[in-house]
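*Asks:* Here it is, the structure, as structure tokens.
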């Protein structure tokens, strides 16, 4: 009589190929990446407008020079280059009834990254300039719809 050895029965559900786990992890990472990217795009679409005070090249200009926003949006001015800049709205180049002093920033933003924010609600064009660099052409316009 011969002895027969039998391997213990294995459960198919307990054995998972490594490749499947790696593939599943890659799918999860891929979906998570798409979700994060979608969230970032959604947030960017609803973000306030930003104007740089000074170009990346070092030029004395507002970037963008002209900006169009919707009524009630906030414009964030960011000192990009570290030169002293301010934001002065020209009382003769803003909608009637808007107080230029109330929306201007006369004090200088001296360091890179310093910001000034203003919420504009009255429709129309808002002309503004940087007082120390106006002669160099540092002027801008915001169109509020």
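For all residues, glycine too, the Cβ spot is worked out from N, Cα and C.
Relevant sequence annotations retrieved from Swiss-Prot are reproduced here:
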TRANSIT   1-47  transit peptide
DOMAIN    48-145  domain 'Plastocyanin-like'
BINDING   85, 130, 133, 138  Cu cation binding site
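Quick one: where do these features end up spatially?
*Replies:* Residue 130 (Cu cation binding site) falls within neither a helix nor a strand when secondary structure is assigned with DSSP, and so counts as coil.
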*Asks:* Once 85, 130, 133, 138 are set aside, which residues in the chain still have Cβ within 8 Å of the Cβ centroid of the Cu cation site?
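*Replies:* Apart from the listed residues, the neighbours are 53, 54, 60, 61, 62, 83, 86, 129, 131, 132, 134, 136.
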*Asks:* From the DSSP assignment alone, can you count helix, strand and coil residues within the domain 'Plastocyanin-like' (48-145)?
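*Replies:* Taking each residue of the domain 'Plastocyanin-like' (48-145) in turn, the totals are 10 helix, 44 strand, 44 coil.
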*Asks:* What are the sequence-distant neighbours of residue 85 (Cu cation binding site), meaning same chain, six or more residues apart, C-beta distance under 8 angstroms?
*Replies:* 53, 54, 79, 108, 109, 130, 132, 133, 138
*Asks:* Return the single residue from the binding-site residues list (130, 138) that has the minimum number of other CB atoms within 10 Å.
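*Replies:* If we count Cβ atoms within 10 Å for the binding-site residues 130, 138, the smallest count is at 138.
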*Asks:* Could you tally the C-beta atoms, other than its own, that fall within 10 angstroms of the C-beta of residue 133 (Cu cation binding site)?
*Replies:* 19
